[in-house]
């Protein structure tokens, strides 16, 4: 009923203009269809509905309010409210208006034109803007744009340019700036060219100096670029920020390892005797197929960069494992050891630190249990892919290595399975993937979530990202992604709360195939020589006395 009261108020605003001269009916659609009162007087309601009021409308507050009220009025009619009841209520609403003249006008409008308006509402429930145009509360979009252009021409002022409209065409011209397709018709003056080159080199030098001397400069620059991303609109803004997060660090590193002259030559501000080789530009129609509509996310770090850091990771891992072995010998508590591992993980670079923390949270107790049974620390670093495996140790520690590898999220090649004793390691088999393609789409979706969600995200945040994540994948994957999320959402949500490693998550829920894997069993005698030979009692219990005498105790 509140909606009807608001509708009555809008009717007063729209229809209290003076009665028009009958000659106005010959003035054409623009005049006849300016409001419902004129259209009724000229008997042109149907004509106005078809030719004028049904056209797109400009966005405005009165128009939006009117559309809401008309929609609510239509809902009341659907609830079987009679026209007499609505008319009586509107007349009572008019009586509440304090201004006596407005109250009388309101009642006159309701009595005279409400049946026409209600008929329009019944017939055009899907387009409330048509009714609001008849009430002169919504303006035609075509008319609005024409008025704007005319006003700009008459003002004789230079309009302010929206930066967001300038950025996009500028970005599209960057390839032509880097690799011009045609030589300039006239060579620039040497002096001017030298000035531009010197200015470019000075700018790059100043930026490099600021990066070295001011620790907050890079972050400030990144924040400034993200502010510019906000001006690109809701859809492009998130993609822009995602690119900045992925590639800003790599871009700064590249700039710091290049000479200013080299950078300025690349962007075309400085000349070089040996010209920079030009790349063949891909036509825009072809390039956009690879970039849009999905802007596929890629890892910001190349594989060879990670491999170059493996030596450092290996040394750090060996140092940490040796220290933990010493603490175990000194009877340190498990809580103290876990804290020590967590601190060690935090000292690693970002990619390795995140992986280290995930492995620690999920499998920390199992790793410590293996260390307590005198497994070589260097070998342990090998099986978690931070060091190259030592071939001399593989033969003697094959079973515990297989157990550790199966507990880690990363899946190396499965080890050879030894002959199973009566009590052996538990066997687990991941069911084959369903629908033949969920493995690939699962990994792409988890990669998207990994890049766009903060660490320790809540279930609600992960669920919201899942619901819209499929729309950011390439077209061939979107339908399949929707089916995948619909089928696996509950299980996927439970795992993503704990870990977001694509290979681990997709294997865990069973959409990516995997070989039989050995899991760390409850029977300790399957842990291998590191456990069998710790003392004679354990060796006897595991039937390994002869083995320990030949290979360990000699």
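Just so it is clear, glycine is given a Cβ too, placed from its N, Cα and C backbone atoms.
Pulled from Swiss-Prot, these are the features on record:
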{"type": "SIGNAL", "residues": "1-16", "note": "signal peptide"}
{"type": "DOMAIN", "residues": "18-58", "note": "domain 'Saposin A-type 1'"}
{"type": "DOMAIN", "residues": "59-142", "note": "domain 'Saposin B-type 1'"}
{"type": "DISULFID", "residues": "63-138", "note": "disulfide bond"}
{"type": "DISULFID", "residues": "66-132", "note": "disulfide bond"}
{"type": "CARBOHYD", "residues": "80", "note": "N-linked glycosylation site"}
{"type": "DISULFID", "residues": "94-106", "note": "disulfide bond"}
{"type": "DOMAIN", "residues": "193-274", "note": "domain 'Saposin B-type 2'"}
{"type": "DISULFID", "residues": "197-270", "note": "disulfide bond"}
{"type": "DISULFID", "residues": "200-264", "note": "disulfide bond"}
{"type": "CARBOHYD", "residues": "214", "note": "N-linked glycosylation site"}
{"type": "DISULFID", "residues": "229-240", "note": "disulfide bond"}
{"type": "DOMAIN", "residues": "310-391", "note": "domain 'Saposin B-type 3'"}
{"type": "DISULFID", "residues": "314-387", "note": "disulfide bond"}
{"type": "DISULFID", "residues": "317-381", "note": "disulfide bond"}
{"type": "CARBOHYD", "residues": "331", "note": "N-linked glycosylation site"}
{"type": "DISULFID", "residues": "345-356", "note": "disulfide bond"}
{"type": "DOMAIN", "residues": "435-516", "note": "domain 'Saposin B-type 4'"}
{"type": "DISULFID", "residues": "439-512", "note": "disulfide bond"}
{"type": "DISULFID", "residues": "442-506", "note": "disulfide bond"}
{"type": "CARBOHYD", "residues": "456", "note": "N-linked glycosylation site"}
{"type": "DISULFID", "residues": "470-481", "note": "disulfide bond"}
{"type": "DOMAIN", "residues": "518-554", "note": "domain 'Saposin A-type 2'"}
For the domain 'Saposin B-type 2' (193-274), the DSSP helix/strand/coil residue counts are 65 helix, 0 strand, 17 coil
Can you give me the average pLDDT across the domain 'Saposin A-type 2' (518-554), rounded to a whole number? 70
If one takes Cβ-Cβ under 8 Å and requires six or more residues beyond its ends, the residues near the domain 'Saposin A-type 1' (18-58) are 113, 116-117, 120, 124, 127, 129-136, 138-145
Sequence gap of 6 or more, C-beta under 8 Å: which same-chain residues meet both conditions with respect to residue 240 (disulfide bond)? 226, 228, 229, 232
Compute the C-alpha separation of residue 80 (N-linked glycosylation site) from residue 132 (disulfide bond), stating it in Å without decimals. 23
At a 10 Å cut-off from the C-beta of residue 80 (N-linked glycosylation site), count the other C-beta atoms across all protein chains. 7
Could you give the number of helix, strand and coil residues in the domain 'Saposin B-type 4' (435-516) as assigned by DSSP? 58 helix, 0 strand, 24 coil
Which of the three DSSP-derived classes (helix, strand, coil) applies to residue 345 (disulfide bond)? helix
Looking at the disulfide-bonded residues 200, 314, 481, which sits with the largest number of other Cβ atoms within 10 Å of its Cβ? 481
Compared by Cα position, which of the recorded positions 197, 439, 442, 456, 512 is the closest one to residue 345 (disulfide bond)? 456
The most crowded of the disulfide-bonded residues 138, 345, 512, judged by neighbouring Cβ atoms within 10 Å of its own Cβ, is 138
In whole Å, how far does the CA atom of residue 506 (disulfide bond) lie from that of residue 197 (disulfide bond)? 52
Tell me which residues of the chain lie with their Cβ under 8 angstroms from that of residue 197 (disulfide bond), as long as they are six or more apart in sequence? 264, 269, 270, 271
Of the recorded positions 138, 356, 442, 456, the one whose Cα sits nearest to the Cα of residue 470 (disulfide bond) is 442
Rounded to a whole number of Å, the separation of the Cα atoms of residue 200 (disulfide bond) and residue 481 (disulfide bond) comes to 47
Reduced DSSP assignment, residue 356 (disulfide bond): helix
